[in-house]
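Peer 1: Here's a structure for you.
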Amino acid sequence: MKTVVFAYHDMGCLGIEALLAAGYEISAIFTHTDNPGEKAFYGSVARLAAERGIPVYAPDNVNHPLWVERIAQLSPEVIFSFYYRHLICDEILQLAPAGAFNLHGSLLPKYRGRAPLNWVLVNGETETGVTLHRMVKRADAGAIVAQLRIAIAPDDIAITLHHKLCHAARQLLEQTLPAIKHGNILEIAQRENEATCFGRRTPEDSFLEWHKPASVLHNMVRAVADPWPGAFSYVGNQKFTVWSSRVHSHAPAAQPGSVISVAPLLIACGDGALEIVTGQAGDGITMQGSQLAQTLGLVQGSRLNSQPACAARRRTRVLILGVNGFIGNHLTERLLREDHYEVYGLDIGSDAISRFLNHPHFHFVEGDISIHSEWIEYHVKKCDVVLPLVAIATPIEYTRNPLRVFELDFEENLRIIRYCVKYRKRIIFPSTSEVYGMCSDKYFDEDHSNLIVGPVNKPRWIYSVSKQLLDRVIWAYGEKEGLQFTLFRPFNWMGPRLDNLNAARIGSSRAITQLILNLVEGSPIKLIDGGKQKRCFTDIRDGIEALYRIIENAGNRCDGEIINIGNPDNEASIEELGEMLLASFEKHPLRHHFPPFAGFRVVESSSYYGKGYQDVEHRKPSIRNARRCLDWEPKIDMQETIDETLDFFLRTVDLTDKPS
């Protein structure tokens, strides 16, 4: 049976050996070049392929159409993936009549995603296993073909568990590969309600937070012990690594991070104490705990910290351009709630941020980004993170002022992007759900959905294509010049301070603000083309929490990622939004101050937006990247958002001349 194999690591080597032993004909093997920054303790798939006389390739992007075509020419009957690190596109998966199968190092549907071996140890699991499953477009979600369970012993560390998983994988493949070859397999669908998903781990994820229980920290040590990078902490600015540890449940009470004793080296935790059995100071040699204490100059009562002492004193400087806008002012509030951010902001007004102007860690300048270029360049250079939130993002302006949209949204932002490249600063760029345009996918996916817009004579797409081109420019700068970036795509965020009623009076506002103005003034609610267009509305608090986690960037998981931020469960048509808003309005305690409801009125989009407008029937996000990179889920129901948004705007209305 002819197969094409995607493989890496020890699991890749044993998978190839198992296929050959089962009589499969391997036409080609796709693998990865080794990362020089990664400790290669595992077998080489490339070397094994060469020794076996099998063609082997390591393309940067195996999903490129040229590689898809080359794989198609190999006419594989079945495809296998053994610890290949990139998602394989659906076009490749569909090439094999018998399907594609992946070996995953957990008991699916638990621990989908990356580094399951390390995550099960971090989380203190007592059981894991290996799963062979059918590959589908969504990672690790296909039907299960075979599973083998293994126990995790209390003294297991990452490398011993790795060896157990390899042994189990050999057994599983020996039992299952002949059945696949003869088309004699039983597949069991995964239970989605039991699925968990985890993202990539980096060395920075393994710092020891002493306020946590000793058992949690011990599990961290087990999960990243040699040959992984190790768990670490600091004495002042001196980093040290913990290679092995032991939990003491009944240690004397002390402040977390305090040294209880040096022989043995015992550190107080949030619950219990952690004995450092072996460790390493800086880039030195491994030594026992008592010697490590001596090397680090520790005595009873010394304090350890989770980050360098100098780093702990310096706040992260965040530059927000457009700080007075809807996202900018809510994000400022979230950042200032913590004690480790310094926020620098620029905008043409300050009404929404007036509550922060006296905050010691908020620095505001009133100005226009097209004029204050020197100030902007200086602050890009000065700050750590840059968020250029300035944009014209109201649909009526796309047809009314397309050139102004292009000049501000594209040209001014491109200049800021180039400053970030010049000074090597991290940029978090607000893309938009508009870039998906008229995509027909059920869920708009950051990595796979096509971005489809209308013809040139429809100027409403100038905003979408301006943002899309900036996305592509940022991506290219990341690939070619090492720009550290994250693109985020908001899906219809709503909440207090979204636009204002004066903007709605001239038609330059988002949908809910316009609808609220209609209710306040007693004018008919206009349903553009019947209001059947569906959107997924997201509470600003949910959106800002996701954006805050992007700024935090735990373990650098957001670097180089595109992340939809939306609530796929809060889908409603504009007509349904209007009905929900009306119901909330009729129950509001200030209702009697406003005129009677004037009804709904259906209008054509051309009469409202002008010629050159096209609408989009649906726009629902896939949020798998947000789940993977941010451990984030939207929580707030749409009705709650509507109630709070309406209440905010009604309380801004001058009621002195309103009927009571």
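Counting starts with 1 at the first residue shown.
Cβ coordinates come from backbone N, Cα and C, glycine included.
Below are the features listed in Swiss-Prot for this protein:
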- Asn102: site 'Transition state stabilizer' (SITE)
- His104: active site, proton donor (ACT_SITE)
- Asp140: site 'Raises pKa of active site His' (SITE)
- 314-660: region 'Dehydrogenase ArnADH' (REGION)
- Asp347, Asp368, Ile369: NAD(+) binding site (BINDING)
- Glu434: active site, proton acceptor (ACT_SITE)
- Arg619: active site, proton donor (ACT_SITE)
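I'd like these features described in context: how deep, what's nearby, how far apart.
Peer 2: Under a cutoff of 8 A between CB atoms, and with a sequence separation of 6+ in the same chain, the neighbours of Asn102 (site 'Transition state stabilizer') are Phe80, Ser81, Phe82, Leu132, His133, Arg134, Met135, Asp140, Gly142.
The Cβ neighbour count for His104 (active site, proton donor), using a 10 Å radius over every protein chain in view, is 25.
DSSP assigns Asp140 (site 'Raises pKa of active site His') to coil, not to a helix or a strand.
In the shown protein chains, 24 other C-beta atoms lie within 10 A of the C-beta of Asp347 (NAD(+) binding site).
Packing around Glu434 (active site, proton acceptor) is summarised by its Cβ count: 24 other Cβ atoms lie within 10 angstroms of its Cβ, all protein chains included. Look at Glu434 (active site, proton acceptor): DSSP puts it in a helix.
A coil conformation is recorded for Arg619 (active site, proton donor) in the three-state DSSP classification, outside any helix or strand. If you take the C-beta of Arg619 (active site, proton donor) and look for same-chain residues 6 or more apart in sequence within under 8 angstroms, you find Ser433, Tyr436, Phe444, Phe491, Asn492, Lys534, Arg535, Cys536.
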Peer 1: Could you name the residues, excluding Asp347, Asp368, Ile369, of the same chain that surround the NAD(+) site, i.e. Cβ within 8 Å of the Cβ centre of those residues, in sequence order?
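Peer 2: Once Asp347, Asp368, Ile369 are set aside, the remaining close residues are Leu321, Gly322, Leu346, Ile348, Gly367, Ser370, Ile371, His372, Val390.
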Peer 1: Using a 10 Å cut-off, grab the number of neighbouring Cβ atoms around the Cβ of Ile369 (NAD(+) binding site), all chains included.
Peer 2: 20
Peer 1: How far is it from Ile369 (NAD(+) binding site) to Glu434 (active site, proton acceptor), counting Cα to Cα, in Å?
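Peer 2: Roughly 23 Å, rounded to the nearest whole number.
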Peer 1: On a simple 10 Å Cβ count over all chains shown, which one of the recorded positions Asp140, Asp368 is most densely packed?
Peer 2: Asp140
Peer 1: List the Cα distance (Å, whole number) between Glu434 (active site, proton acceptor) and Asp347 (NAD(+) binding site).
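Peer 2: The Cα atom of Glu434 (active site, proton acceptor) is 24 Å away from the Cα atom of Asp347 (NAD(+) binding site).
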Peer 1: Calculate the distance in Å between the alpha carbons (Cα) of His104 (active site, proton donor) and Asp368 (NAD(+) binding site), and round it to a whole number.
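Peer 2: So the Cα of Asp368 (NAD(+) binding site) lies 52 Å away from that of His104 (active site, proton donor).
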Peer 1: Which value does the mean pLDDT take for the region 'Dehydrogenase ArnADH' (314-660) in this predicted structure?
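Peer 2: Averaging the confidence scores along the region 'Dehydrogenase ArnADH' (314-660) gives 90.
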